[in-house]
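K.L.:
Per Swiss-Prot, disulfide bond is recorded for C24-C54, C32-C58, C41-C53, C42-C80, C47-C62. What Swiss-Prot records for 21-66 is domain 'WAP'. According to Swiss-Prot, the feature signal peptide maps to 1-20, an assignment based on sequence analysis.
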Amino acid sequence: MNSKIFAVLFLLAFLSCVLSDQYCPKSSITACKKMNIRNDCCKDDDCTGGSWCCATPCGNFCKYPTDRPGGKRAAGGKSCKTSYVY
């Protein structure tokens, strides 16, 4: 009986981890000088290891997703270039 309860609880915990929403992390930076803005990525395919291309005030950077909302995924597009923006 106890093993069945444990199995059910384990399965519920596992599913909540797998099915939870993922977001770009919220940036701790609120502003950036124009000469410091750069894009390390323009889309998720530019990132490696399961990280996402996330927008920050200082440009786009590869970040690992988190379960806390607040960040913003990079829009990409044809005008996006990976380099300094100025």
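In case you wondered, yes, glycine gets a Cβ from its N, Cα and C as well.
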K.L.:
For C42 (disulfide bond), what residues in its own chain, 6 or more apart in sequence, show a Cβ-Cβ distance under 8 Å?
P.N.:
C53, N60, A74, G76, G77, C80, K81, T82
K.L.:
Nearest to C24 (disulfide bond) in three-dimensional space, by Cα, is which of the disulfide-bonded residues C32, C41, C47, C58, C62?
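P.N.:
Of all the candidates listed, C62 is nearest in space.
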K.L.:
DSSP on C53 (disulfide bond), three-state: which is it?
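P.N.:
In three-state terms, C53 (disulfide bond) counts as strand.
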K.L.:
Within 10 Å of C54 (disulfide bond), Cα to Cα, which of the disulfide-bonded residues C32, C41, C62 are there?
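P.N.:
For C54 (disulfide bond), the disulfide-bonded residues whose Cα atoms are within 10 Å come to C41, C62.
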K.L.:
Express the predicted model's confidence over the domain 'WAP' (21-66) as a mean pLDDT, rounded to an integer.
P.N.:
93
K.L.:
Reported as an integer number of Å, what is the Cα distance between C58 (disulfide bond) and C41 (disulfide bond)?
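P.N.:
For C58 (disulfide bond) versus C41 (disulfide bond), the Cα atoms are 12 Å apart.
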